[in-house]
Amino acid sequence: MAGAQPGTHALKLKPSTVPNTLQNGSRFMKWDDVMSDEYFNTPRTPSLMSLLSPSLSLYPFFSLSFSLLSLLQETELLDITHIKDARTGKSTKTPKEAKLRELLDVGNLVGRIENRLLTIVTGPDMVNITYLNFMALQEEEATEWAEELFSLASNLLSHNMNRETSLEKAIVRMFSADKKRVETALEHCNLPFGRPELSSVFSQQYVQSLIPDYFSLSFCRGAKGAYLSVDQMTEFINERQRDPRLNEILYPPLRPSQTQTLMEKYELNHSLLKQGRDQPGTDRKYLVSDENGVIPPEKLDQSEDMTFPLSHYFINSSHNTYLTAGQLAGSSSVEMYRQVMLAGCRCVELDCWKGRTTEEEPVITHGFTMTSEICFKEVIEAIAECAFKTSPFPVILSFENHVDSPKQQAKMAEYCRSIFGDALLIDPLEKYPLESGVPLPSPQELIGKILIKNKKSHKPSAAHGNKRMAEQPTNQSVAAEQATDEPSSPSNITEGEPFIRNDNNNKNTFRVYENVNILSGEIEAEDDDDDDDDDDDCKKTSDEGTAEEREAVATEEMSTLVNYVQPTKFNSFEASKKVNRSFQMSSFVETKALEHLTKSPVEFVEYNKQQLSRIYPKGTRVDSSNYMPQLFWNAGCQLVALNFQTIDLSMQLNLGMYEYNGKSGYRLKPEFMRRPDKHFDPFAESTVDGIVANTVKVKIISGQFLSDKKVGVYVELDMFGLPVDTRRKALKTKTSQSNAINPVWDEDPIIFKKVVLPTLASLRIAAFEEGGKFIGHRIIPVPAIRPGYRYIGLRNEKNQSLILPAVFVYIEVKDYVPDTFADVIEALSNPIRYVNLLEQRSQQLAALTLEEGEEETSKEVCGRKGVMDSKNGFSSIYMYLEILLHCCCCWC
Ligand SMILES: [Ca+2]
């Protein structure tokens, strides 16, 4: 995210290689808890599961093949990139039914059954999960398969295949699995179909032939079809395909001899090469190759410097992690913790409540709602198992601790200690004592560690000894809490009836809530709450040491687990600066955070250089919708917590953000948001001294296989970033004439003349059917874009590769060169300068804050302005706002 590190990055990502065991296959019994009578009545042998490579080529994509235990012995194929997890041992699904256990001969097994079980987890998102259950003949086989399958399935290169591999994958899949559909699609496009002899090889050429000549580099070199000399190719690569932002010494332009090597690699006819010329088609093969992916592999790789303090990173964070649906009546699920962590999230939330059964097991649920309860211990076990499968970097557990039972709190602490073991960070690192002025340790220094965020009660005899950090003893919460004999158990309420709630577990803040209609969501902002620090009725009178006064809940057992992430009631930016304790953090409901952002943008950025801030959705988002995370990334907020169960545009941006840097869940903030000697204003409208703005030019040339329906299609572009850089629907192409297979637009490019903070900007390219039905999109951070002629493979809403649909584009990204005259004109004509500053800021945020339902206004006008805008790249604030008003029409 921040600029390239000194020196070139040595790529750590490796293409998948499949061990022999997996290639040759192993025998497994496949079972399901709901088996048909046929299953039980049929003699069977264990089915062979193996990894199939679709051809003898080295392409890194595979399907997992296994047969069903049925009379037909059908074989099922599973795309390996759709596998989310492969488990063996304790967390596997185990056969419950007696008949099934008998059949699997469970009684006669040597060793524990779970060590032979293999559960393969698939699903389109984090909620709709499917489990495939297998039993191996040997324990070692289950272990090897679980490890290798997970490693193959999570290979980042496999999720970012080049165009050629995607095409081959699609062809193999289509022609083997769904020939009829392919033929229908071809028929719709008036292309020959119904040819049963189409072999894989033929069909590959066939698909290639669908790529119009237009895509060939011929249009870069003038006369169509003319041969391209080595010199011309060198010029093409250096002028068009090379990223001009790269350092020329570290990343030198290609020399002709290197081009020659490249051309040999993609050239079939060597005799032509010898004459210094290529043959038509070479360029096309080159364009679909690995050399030309739109994302350079080093951006996918873990390539950002991880040695800065934690506060210097954006940290992938989840809100009310346990919920699978709405905030009021959705089911809670242990699996969500696994899925969210496997997706690279590094901060999960645990809303803990006192368990009411005789076992006195603490539970996790959304208090005072109809959401279901899950067992705290199971969640801790799930976290322990999945925390470091996707990323080694530290995990923060954000506890919202409502457990008003010292006994159960002690249990919670004990589970954390015993289940996490050494991974749990209990004592601060020696280098980073909990003292004023000491920065937070870095993700690198906390590798493999779990940090707990829970209110911390500070005792007079606190273990921190003589460190004078105003850890004044508080009026002993534990005692106070024990005196509270009214248990604040979450579930004993009836809809429509008033209930009492002990807000924030402070005995003085019991509130009576009346007429809360739980199901319809008529619950007011108080229930926002959720979090620890958002209560407004506790204003501070002094800026020193008062925050802890509200630390009323944590027992000593829990308190000792808390170190670098200590929740503290936010008072003011000035106060925080004065006490200068990086280990204290605050949570802000999105509305409050927005207020701070608008009133004190520079101070908010400053605060976030030292301390962590956590933003969470407002309580009225009962449907688990999300706010735009970009708003708060712009202010440098680290823990921008979203509802992961809802993959809306906000969550899609989040997926886009954290897909890079090795999916580690950490992205280094732009330098200006970290350096103590710089002040950054997220509302900056012009270039900031010291930050190189970019000019981004995008030309949508054509599409490929956008739909198999005979339907018109169009492409839209958005830019997200700082308010000044955000442009929703910046470009919309014409709609193709009933051609979704290979539409060509070739319209004027859109120019984002001045992207003020490119390191925080993302480009979204989305394709739609006429009528607005979403086909697919791709969100790419501007720093990760490789300029040039590129195929951009589209993803679905859930960020899964669609394999076939792609958009062919030409992108230029350059350092912005100020056009002095134009800037003067713009400044003179910019009326916003006369508007009140706060008003101006909220107007600037409009793009990022509009919600569904607000968008219908002035659509006509927006459309008109949008067209104007796309033509001349002009970006006055008013026009910007109008375009933004257009923004939420399709998604939010
Ligand atoms: Ca919560």
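Cβ atoms here come from the backbone N, Cα and C positions, even for glycine.
Whatever TrEMBL says is automated annotation, not expert-curated.
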Quick check on the annotation: TrEMBL has Glu349, Asp351, Glu400 binding Ca(2+), so which of Asn316, Asn320 does it put in that site too? Asn320
Looking at the recorded positions His319, Asn320, Glu349, Asp351, His366, which have a C-beta within less than 6 Å of some atom in ligand 1? Asn320, Glu349, Asp351
Please count the residues of the domain 'PI-PLC Y-box' (558-674) that DSSP assigns to helix (H, G, I), strand (E, B) and coil. 48 helix, 20 strand, 49 coil
For His319 (active site), which of the listed recorded positions (Glu349, His366, Glu400) have their CA atom within 10 A of its CA? Glu349
Whole-Å Cα distance, Glu400 (Ca(2+) binding site) to His366 (active site), is 10
Near His366 (active site) (Cα-Cα within 10 Å), the binding-site residues in question, chosen from Asn320, Glu349, Asp351, are Asn320, Asp351
Neighbour tally for Asp351 (Ca(2+) binding site), based on other Cβ positions within 10 Å of its Cβ: 23
